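Asks: Taken from TrEMBL, the feature domain 'Major facilitator superfamily (MFS) profile' covers 11-398. Sequence annotations record features per position, and here TrEMBL assigns transmembrane segment to 12-33, 45-65, 77-96, 102-123, 135-158, 164-186, 219-240, 252-271, 283-305, 311-335, 347-368, 374-392.
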Amino acid sequence: MTSAVPSTRRMALLLAGLAMFGPFSIDTIFPAFSQLSRSLAVDQVAIQQTISVYLLAYGLMSIAHGPLSDAWGRKRVILGGLALFIAGSVGCALSQDLPMLLAFRALQGLSAGVGMIVGRAVIRDLFNGPDAQRLMSQVSMIFGIAPAIAPIIGGWILLSGAGWPVIFWFLVVFSLVLLVATMAWLPETHPVEARTPLQFKRLLQDYVRIGFNPRFQRLAAAGSFNFAGIFLYIASAPVLIMQHLKLGEGDFAWLFIPTIGGMTLGSFLSGRMAGRMDPVRQIRIGFICCGVAALVNQAYTFAVVQIALPWAVLPIFLAGMGMALIFPILALAVLDMYPQQRGLASSLQAFTQLMTNTLVAGVLSPLLSEHPRHLAIGMTGFFLLGWLFWRWERRSGRRLRHRQATEAVPLEPADHL
């Protein structure tokens, strides 16, 4: 860690906060879906597009945040993204119809990913090996609070008698606090001499080179599909809570607290395991947790006619814990493949995950949320896909190491997994 870096605890809090304003933009408005539908005179399916449009813009811009930070520096890009997010949130609060709201939701999406994507590069700029895994796990543990408390905050705002625009004014205030904290606490971790000039032709070549790297594809797909199994429930939260569990607008905590509780516990355990447990073994334990959660979830939904608390959400706790054991190792492995272009690698990794999430929110969630059994099957399918890509990566790694031993073929970075 360089001398200019603040304490690890402060850095973890700041980077987690910067990652939070992305999920806050999604989860705080879930309780307002019914009010938005009445206020803007559109149906619930149309309101759900406020999530899809946001995620689409988020995913498309995610491929640019990292390269911009590689060229201009991490801090400058984060501050610019925060400023744009504040402008988008103000626009959402002032929207009078659905097209206007969707336009400013897109602006939010274009800027919201900067904290998470560039923040990952900051972690790897400062730390190596187990230290990087510990900080990544600490950030994930704090960040995990966001999806749990965001819908609760949104519900409290509505229950206080305030209208849905106040939710977006809350996002404005939250982002302003982050802007000030970033200016005061975040050092520039990517010095001028290490920056990569922003040249469109070269950037396009780098996108193709990294994006079509089979090893990158396997690692990114393993992480993206694994998270999609949980995100399917997050995207389906309004239907699951209010229709299937027959709860109210202020009851989203019944889903999000177990979900994020599991992710927080998994992140804590990952930080404790860093440097003490073989990463491959940790990932194996994570996938076992996800598999057990999926099987228990399916068994329960097929065994009952009407799902109920707490059994409907307990498997999601275990799934969240498993996912949090897997994610930090896969994310750092991708960054280690391209040490000179960590921002770009982080962008493409996030792009893969976010495009998957967009498909889940815009297409699969509306189809599968009609019945809890369908959601359980969808979760199982995503976890299985993630595990299959991980097994593919492990077999490919063993073949490459065998070639290296017999033919002196050099290994790529992070081939220790």
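Placement of Cβ uses the backbone N, Cα and C atoms for every residue, glycine included.
Keep in mind that this is a model prediction, so the values were computed, not measured.
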Asks: Where else in the chain does the transmembrane segment (252-271) make close Cβ contacts, counting only residues six or more beyond its ends and a cut-off under 8 Å?
Replies: 27, 30-31, 133-134, 137-138, 140-141, 144-152, 154-155, 230, 233-234, 237, 240-241, 245, 282, 286, 289, 309-310, 313-314, 316-325, 328-329
Asks: Within the same chain, where does the transmembrane segment (374-392) have neighbours whose Cβ lies under 8 angstroms from its own Cβ atoms, ignoring anything closer than 6 residues to its ends? I mean 6 or more beyond.
Replies: 218-219, 221-226, 228-230, 232-233, 236, 240, 283, 287, 290-291, 293-295, 297-298, 300-302, 319, 326, 364, 367-368
Asks: Below 8 Å between Cβ atoms, which of the listed ranges 12-33, 102-123, 164-186 makes the most pairs with the transmembrane segment (311-335)?
Replies: 102-123
Asks: Using a Cβ-Cβ cut-off of under 8 Å, list the residues of the same chain that are 6+ residues beyond the ends of the transmembrane segment (77-96) and lie near it.
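Replies: Cβ under 8 Å, 6 or more out: 18, 21, 25, 65, 68-69, 103-108, 110-115, 118-119, 165-166, 168-169, 171-172, 175-176, 178-179, 182-183, 186.
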Asks: So what's near the transmembrane segment (12-33) in sequence-distant terms, Cβ-Cβ under 8 Å and 6+ beyond its ends?
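Replies: Answer is 6, 44, 47-48, 50-51, 54-55, 58, 78, 82, 85, 89, 108-109, 112-116, 118-119, 122-123, 135, 138-143, 145-147, 150-151, 153-155, 157-158, 164, 167, 170-171, 174-175, 178, 181-182, 185-186, 234, 237-238, 249-250, 252, 256.
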Asks: Is it the case that the transmembrane segment (347-368) and the transmembrane segment (102-123) have 3 or more CB pairs under 8 Å, with pairs at least 6 apart in sequence?
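Replies: Judged by the Cβ rule, the two regions touch, with the required three close pairs present.
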Asks: Average the per-residue pLDDT over the domain 'Major facilitator superfamily (MFS) profile' (11-398) and send me the rounded value.
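Replies: Across the residues of the domain 'Major facilitator superfamily (MFS) profile' (11-398) the model's pLDDT averages 87 on the 0 to 100 scale.
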